[in-house]
Structure formats: structure tokens, C-alpha cells
Amino acid sequence: MSGLITLRQTFAKVFGYGERGEELRIFFAPGRVNLIGEHTDFTGGYVLPAALTYGTWAVVHPRQDRKFRLASTSFAGMVEGDADKVVYQQADGWANYPKGVFNEFMRLGVRLSGYDILFDGNIPKGAGLSSSASIEMVTATALNQVEALGYTLVELTQLAQRAENQFVGVNCGIMDQFASGMGRAGHAVLLKCDTLVYRYVPLALGDYQLIITNSNKQRSLTESKYNQRRQECEEGVNILRKHLPGVVSLGNVSLEQWQEVQRYITPPEVYKRLDHVIHENNRTLASTIALETGDIQDFGQHMIQSHESLRDLFEVTGPELDTLFEEARQVEGCLGTRMTGAGFGGCTVSLVHREAVSTFETQVTLGYRGKTGLTPTFYLCDSGDGARELKGR
Ligand code: GLA
């Protein structure tokens, strides 16, 4: 993004007004990278994501006629409609995310005035870095401010998740929207996904740097496999409940309890999924402590165990992510590496010594290309602030 002035000019080009002193307000919401705690959010467990500095901008001008026009710098065409008659339409593609947010506000009884909105973004698409959550969160934040609705950011993250679950029809957990809304520069967020209790964890990595590696394998089957994993976890919780009275989610099952009751989980798939989730919750808490006490090495070890568990037990990695993992591990100065996000393609996140970054990129590129024929892309991962209005130029 080349500055807020350029964004205003683009808005004016697209909508035919905006350069004569009309008030255009600009909002931003980031994508996220999950450091650890994968496939734990939908069972009430722990996650540790960080907001990125990559994200989605929205330039907003309210209208008084209850119509909306949505445009994006990444897609041709404009999606138009009535703010009080919002329906999902496959042909509207990306615009279903903001429309889903409109719809959620209306379900809360909010009367929307109508808007022209231009979206601009720099999150690589299909990489599992939550471009959709960032579109939802930037829309939710914008409407909340423009209409002076007074919802808290946490409430907006829940609203955005409902938009994705119920309007777009993707059955995700709360992690992506929460990270996009509540992220803080220089920090990750430890979140317990059933209670939404959270705390910020400083990313004081010393001589180490987080690097995101995009496998450039477009995610495929992600949605159907994701839903299948959710079902398997639910099946497991239903069995566990009979043996652990009072336990309603996997996020509240301790390792000791798991040891006692695991023998009751007889379907082998279900056993593996639960074994992953319960250990992953523990790794997430242990990683938080490692980060808080400056034990970067220990954090790296947890990342590696997390990937192995996602590969062997939760079975959501695939050959591309596994190859990136293996290649990264072999680089001297790489303390930890793992897939991040839903899996089946997308990205890994690695913890690499600052002086080893270029060796890391060269070595991983060579190895990965040799084995898969694909070329990876690297992003230095800086953690940024969550959804907000941008003031100034
Ligand atoms: C996707 C979902 C999240 C979470 C992750 C896996 O990113 O949107 O809610 O379940 O997968 O950890």
C-alpha cells in the first residue's frame, strides 16, 4: 500500500467522488500467523497467534440511501446492493465477507445507512494467513465506528466469526478473527477459545526472527477435511463426557485426565485427533511460558513437536508442508518450524537466527524445489496491531 493519499485517490477513481473534501475514513485489519495451538480453537482450547503487518484496508464513505457498493483493488467489478436485503451470492466472491458482516449487524437490530467501500490488501491469497478474517474485521470495525455503535472489539471478533460461519458457510473457530481484531505489535496473543480469556505474550526473540514460508501449494480439500476433523473431535468429546463428568470441551481436559480415559476412545482416527489436541493445548501453554521466560530454544522444540503431531495424529499437513518442515529443520540456526493455519497447503512459520536468514531461504528453496517442483516465497514476519481506524495521510 503506497499511503493513505493514494488509497483516497483510488477510491475517487472507482466511485467518482472523494477528492473534494468529502470525508473518507480509512480502516485497517491485519492477517495473522498462528505460532502454536493448531486445530484447538474449535474445541475450546488454547491458541497463540500474532497479528501481521500485512492486512486489508477499507476506505469508507457512508450513503444515506441504504445502498452499498463494494469494490476491491484486487478484483475487477463492483458488488452493489441494498443494505437491508443482503443475501449470499456465490458470484459475489470476496464481497460475501463484508456482506456477511452487514448481515450480522442487521441481525443485531442495527439500521445500516449504506456505504461505498473500497478494499485494498496485501495478504497473499490462499496462503492461510487469514485474508478473509481481515476483510471481515476491517468491515466490522469500520461500521462500528462510522455508525458509532459502541461494540467492543471482542464483540466484533465474535460477530465476524458468525458472519463467516453462518453467511459465508465456513465453519471456522474464533482464532483468526480474534487475532486480527485484538493483535498487538511486538506480541502474540494467548487465547482460551471457549472463555475468550486472553493475555499478550511479548515476542522478545533476541537474535531470532520469525519467517513465514509460503508453500505456494494452493490449499485444497481444506474445507471438507476441516469439517471432518471437527466432527471427529466432537465424536471424541461425546465419548469423553461419559467418563469425565463436567467436561464439555477438549480445552479443559488435562494430560492426567487424558491418560485415565484415553482407553475409552476406540475409533483409531478419533483417538489420534484427541491425542493431538490435548497435547497441543499443553504445548501452547508451555510455549507461552518459554516465550515469557526467554527460553527460545524450548519454544522451537514445541513448534517441531506441534508439526509432527499435526502430521502424524491430526493428519492435516501433506507432502508440501512436510517437505518445507524437513528442509527448514536441517538449516543451522533454525530452532523451530511448523505448519501454520488449517493445513493442506499454505504456510509454515519458522524461528531462525537473524544471521542465518538468507542461508535459510536459499537452502529451503533448493531442497523444496528439488522435491516438489514448487518455489516457496518468504515473508519476514513482523507482528502488528489489530483492527483500527487510520488517521492522517
Ligand atoms: C483455520 C480456521 C481457524 C483454526 C485454524 C486451525 O485457520 O479458520 O479457526 O481452526 O484453521 O488452527
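Backbone N, Cα and C atoms are what each Cβ position is placed from, and that goes for glycine too.
Helix, strand and coil content of the domain 'Galactokinase N-terminal' (10-62), in residues and according to DSSP, is 9 helix, 26 strand, 18 coil. Sequence annotations record features per position, and here TrEMBL assigns domain 'Galactokinase N-terminal' to 10-62.
Residues annotated as site 'Transition state stabilizer' in TrEMBL: R32. Long-range C-beta contacts of R32 (site 'Transition state stabilizer'), restricted to its own chain and to partners at least six residues apart, with a cutoff below 8 Å, comprise P49, A50, A51, L52, L129, S130, A133, M175, D176, A179, S180, G183.
Taken from TrEMBL, the feature substrate binding site covers E38, H39, T40, D41, Y226.
In the three-state DSSP reading, S130 (ATP binding site) counts as coil. Per TrEMBL, ATP binding site is recorded for S72, G126, A127, G128, L129, S130, S131, S132.
Positions annotated as domain 'GHMP kinase N-terminal' by TrEMBL: 96-183.
Marked as Mg(2+) binding site by TrEMBL: S132, E164.
According to DSSP, D176 (active site, proton acceptor) sits within a helical segment. According to TrEMBL, the active site, proton acceptor annotation covers D176.
Across the domain 'GHMP kinase C-terminal' (290-361), DSSP classifies residues as 39 helix, 14 strand, 19 coil. Sequence annotations record features per position, and here TrEMBL assigns domain 'GHMP kinase C-terminal' to 290-361.
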Practice task
Measure from the Cβ of D176 (active site, proton acceptor) and count the other Cβ atoms within 10 Å, all protein chains considered.
Solution key: 30
Fill in the blank from the handout: Here the binding-site residues are T40, D41, E164, Y226, and the Cα closest to that of S132 (ATP binding site) is found at E164
Exercise for the section: Report the member of A127, L129 (the binding-site residues) whose C-beta atom has the most other C-beta atoms within 10 angstroms. Expected result: L129
Problem - Secondary structure content, the domain 'GHMP kinase N-terminal' (96-183) (per DSSP, counts of residues) - result: 52 helix, 7 strand, 29 coil
